[in-house]
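Peer 1: Below you'll find the structure I mean.
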Amino acid sequence: MSPSAPSTPHGRGSGSEPGTPAPSVAAGGSYTIDDVVPGVKIYVIKPLSNGQAEQRRAEILSTRPKPKPSAFAPPPPPNAPSPDPRDDTEYYVHYVEFNKRLDEWVGGSRLVLSKEMEWPKSKDEPKKKDRPAKAQPSKAPSRATGSPIPSDSLLKKAANKAAMAAGKATPGKAMPSSKLGKASKIGKAGKFPQKRKAKTEADTEAEEESNEDNDALGEEEDMDEDGDVTLITSDGAIDPSREVVAAPSNPRAAPQVFSKKQEIEKLRTSGSMTQSHSEISRVKNLNKLQIGKHEVETWYFSPYPIEYAHLPVLYICEFCLLYYPSATQLRRHRAKCTLLHPPGNEIYRHEGISFFEIDGRKQRTWCRNLCLISKCFLDHKTLYYDVDPFLYYCMTVKDDYGCHLIGYFSKEKESAEGYNVACILTLPQHQRKGYGRLLIEFSYELSKVEGKLGSPEKPLSDLGLLGYRAYWQEKIVELLLDSDYEISLDEIAQKTSITHGDIMHTCQALQMIKYYKNSHIIHLTDAVIEQHKKTKAKPRRAINPAYLKWKPPVFSRAQLAFGF
């Protein structure tokens with residue numbers, strides 16, 4: 001590759017000989033900063049906490065002009081260095097083999113142009129070779145021009161046929177569009193395997209109503225290359241390698257059928273956020289949140305209004321959770337806001353920790369704002385606005401100024417699968433203090449009062465799985481050590497409210513299942529006992545059931561008829 005004529009994604013493969021494969025890696029110094037486009041992988045300078053810096057390989061996900069400074073931002077100091085012209089364009093990078101939480105916007109001056117750069121792999125040509133289209137004998141007369149574009153009538157037939165095929169849930173007979181939402185729920189619940197199909201907006205709306213994501217959720221787990229959400233394929237994502245419908249020359253005369261590229265773009269810009277994990281939601285739109293006295297860096301995309309996108313800091317009232325673009329507006333709001341605790345019933349108070357029960361139907365605005373905040377830290381959360389079917393249990397810590405939110409978990413009012421947690425989160429400024437375990441323990445205390453076995457909504461994310469495994473292990477091992485007689489799996493489940501599947505999962509993960517005298521037994525190894533002793537030796541908070549003042553809420557059929 002000649003330094004005088006750098007390769008660009010548009011110019012690759014357009015050499016003197018047609019069909020010549022373009023190099024996938026550009027050597028250092030053979031390209032310029034203008035050649036860095038979304039999709040390439042390049043080395044980026046990453047500052048470290050110790051004051052040093054290292055070069056990390058990163059993928060460019062998006063670019064944008066450098067945002068203008070906010071009118072509320074403080075002026076730069078007089079001795080500040082002059083801005084680098086390369087920083088006029090910012091690049092959103094994902095560090096390869098690092099967690100998605102570390103994705104960030106960087107200026108052009110942090111790109112290492114002296115090292116090699118990898119071009120994005122071409123996807124169109126290999127797929128055309130791997131999936132040749134079946135030739136169909138055409139009954140229409142051939143045209144003199146020899147153009148491959150079919151007539152409008154044939155195009156309409158082909159487009160409508162492709163759209164009907166895309167709406168089928170199984171290879172059998174076609175399913176009406178009104179039943180697609182129901183079929184998607186059955187497929188996700190595991191009743192029968194579901195084939196790939198293109199999702200319509202009706203599907204995504206039905207999926208949003210039934211999917212409140214776990215804090216821990218994996219999909220998901222759900223893990224992509226860095227432990228986060230991947231594209232939905234078996235659940236109904238659009239496979240761009242299959243059935244492409246060409247657009248006619250006269251769009252006005254065409255039926256309301258889109259090509260794959262148009263459909264993906266439509267979903268990306270106006271469709272349900274459930275389908276856009278790999279598009280818009282890959283790019284974080286907020287940098288920091290100011291919640292009370294804590295300034296927190298966001299981890300993931302959250303669908304706040306576009307007017308607030310890419311602000312340096314979004315200011316949030318820690319009591320009513322309303323959001324403002326400047327500290328001045330927040331101060332004006334705080335002078336009028338009278339809320340000092342979550343707007344619900346306090347059902348637990350002990351040692352400064354309180355739990356409030358909030359009905360999503362009665363406090364829609366507050367719960368929606370809570371979901372928007374939690375989406376900044378939960379990559380797999382897909383439900384933001386339909387909060388009516390859920391109860392929210394918010395944990396707070398009390399001081400002289402009020403009850404400050406620490407974390408929460410949501411719970412379906414009526415769960416067919418028996419889940420006792422739909423989404424769970426401890427705010428980052430309060431993590432690693434044992435509050436996550438308190439949330440998990442409190443959810444099981446509610447299940448004990450209900451007299452039911454409970455389990456978090458599956459699948460769990462990496463952090464959620466670690467937290468639940470630690471809780472399950474502690475409770476199961478503690479019960480086995482305190483028992484002076486043989487105890488069955490059913491007795492463990494009834495005393496802890498942990499489901500049989502979660503008990504078996506924990507025992508298998510700890511290698512506690514042994515085969516002895518023609519039966520399976522639970523055997524506590526020395527390593528498990530030693531780890532349990534170390535855990536119990538640490539001082540930690542615990543839920544005291546005597547301070548729980550709560551009865552399971554009962555809802556009428558009319559109260560559970562959400563959206564009808």
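In case you wondered, yes, glycine gets a Cβ from its N, Cα and C as well.
Per Swiss-Prot, the feature active site, proton donor/acceptor maps to GLU457. Taken from Swiss-Prot, the feature N6-acetyllysine covers LYS381, and the record attributes it to similarity to another entry. Sequence annotations record features per position, and here Swiss-Prot assigns region 'Disordered' to 1-31, 47-88, 113-259. According to Swiss-Prot, the motif 'ESA1-RPD3 motif' annotation covers 364-385. The zinc finger annotation in Swiss-Prot covers 314-339 and is backed by sequence analysis.
Help me picture these features in the structure, burial and contacts included.
Peer 2: According to its DSSP assignment, LYS381 (N6-acetyllysine) is coil.
Within the chain carrying the region 'Disordered' (47-88), a Cβ under 8 angstroms from the stretch's Cβ atoms is held by residues 33, 36-41, 94-96, 98, 103, 105, 107-109, 111-112, 115, 282-283, 310-312, 325-328, all 6 or more beyond its ends.
Counting only same-chain residues 6+ beyond the ends of the zinc finger (314-339), those with a CB under 8 A from a CB of the stretch are 70, 72, 286, 288-292, 304, 307-308, 366, 369-370, 372-373, 402, 404-405.
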Peer 1: By DSSP, what is the split of the region 'Disordered' (47-88) into helix, strand and coil residues?
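Peer 2: Counting residues per DSSP class in the region 'Disordered' (47-88), I get 4 helix, 14 strand, 24 coil.
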